[in-house]
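Here's what Swiss-Prot has on this protein:
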type    : residues              : note
BINDING : C31, C216, H241, E245 : Zn(2+) binding site
BINDING : K277                  : ATP binding site
MOTIF   : 33-43                 : motif ''HIGH' region'
MOTIF   : 274-278               : motif ''KMSKS' region'
Amino acid sequence: MQIQFHLYNTLSRTKEVFNPQDQTKVKMYVCGPTVYDNPHIGNSRSVVVYDLLYRIVIKIFGEQSVKYVRNITDVDDKIIDRAELLSITINELTDKVTQEFHTNMAYLGCLLPSIEPKATEHIDVMIEIIERLIAKDHAYIADNHVYFDVLSAPNYTELSNRNLEEMFEGVRIENSKTKKHPQDFVLWKPAKPNESANMNFKSPWGFGRPGWHIECSAMSYKYLGENFDIHGGGADLIFPHHTNEIAQSRCAFPDSTYAKYWVHNGFLTVNGEKMSKSLGNFITVRNLMDKEISGEVVRLFLLSSHYRRPLDYNDKAIEDAKKTLDYWYRAIENINVQKIDLPHNFMQSLLDDMNTPLAVKIINDYAKGVFISKTEEEKQLNASAIITCANFIGLMNKTPHEWFNSGVDELYINELLNKRLEAKKQKNWLLADQIRNQLLEEKIILEDKPDGTTIWRKE
């Protein structure tokens, strides 16, 4: 029986059965980071969501049949401003932030994409597309800029489903006097006086750099062609970024539909408020790493809500994710778990528009099953289902011992256990109890076994 994967398509505003153009070459593009500053927790939600989508598509079609492209935006006004503020070169900044991004995503258990192109390495493709747009009267030159003529694009408002005037309310419009229409957007901009040379490039329109939107159109075209299956990103990218991508790509390649399925994840708030540096609630992934919060805890938190719904970061949500993982790891402790086929109900939850809250509940049910199992066989089956399901969504990649004892000085504990064992041999029960209580204060729980051995775990 053919697997049916239902995915919400922003373009049609309905859940559709995912049917790629070629099942042997499934193509997926996701907007990656602009590498001007360390990734924050909101950025990481997008990466984790599309990491899960990638895993599901691989499961259905096979790893060799899926090409996942996630770009690096390393040319942008924010990068120039940030490098100047830090008194470092642009290359130093982009290299440092790109490395930090990779470290952060490894911490969150994300797979690497098939290809990770950098914008600065694809200027020639951007120029090629801009030239096509000019030749087809969809773009024009004004005041050393190249602009896209928004009114020349059929169905410009299709993705956002809003009228043109409403879409541009509150949007800052630059160089409006030089444009045909206020809504037209930049495809190429000239270098500013005294601006860094390595952020600008030669072009038919002079020395300058591309606008943001043309970058993704160029890189998706280079690696996936005129048409591909999935385009993902945060809901904040629906307009203007993704709207403008569609317009310029379809106009440059008139026979193209560009991306077939548009997938967008919801916003992330912090304690109910929008995250911003001015509010002092700007949380980077590095902040969480420095607090020694497990990447698995953060990943589970990010998957705890449906990807299209808003998600609020707060201490309780992180504590709840930690307790859930503790429960799962405790359930498989001292059981010979084996990887099994993904349980049908678990896979069906993910095939229904990536319903991760239901998937997490199903794993919880298997954990409950372990604790109420009447036979060892039943216990092992439930525990094996836990590890199989959790591994599939990028969780539980440690042993229970590693999980419960991370950050613990095992040498120190074992020395105390040896002292306690010696005290017990000499019937010095007072010293033995003192050592137990000392470890308990450090949240280390001891369990004396009938055979005389003692095992320990972190509380």
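Using N, Cα and C of the backbone, Cβ positions are placed for all residues, glycine too.
Remember, it's a predicted structure, so these values are computed and weren't measured experimentally.
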CB contacts under 8 angstroms to H241 (Zn(2+) binding site), restricted to the same chain and 6+ apart in sequence, sorted by sequence, are C31, W212, H213, C216, G233
Cα of E245 (Zn(2+) binding site) to Cα of K277 (ATP binding site): how many Å, rounded?
29
Per DSSP (helix/strand/coil reduction), H241 (Zn(2+) binding site) sits in helix
Additional residues around Zn(2+), ordered along the sequence, whose Cβ is within 8 Å of the centroid of C31, C216, H241, E245:
W212, H213, E215, S217, H231, G233, L237, H242, N244
Which of C31, C216 (the binding-site residues) has the most other Cβ atoms within 10 Å?
C216
Please work out the helix, strand and coil residue numbers for the motif ''KMSKS' region' (274-278) from the DSSP assignment.
0 helix, 1 strand, 4 coil
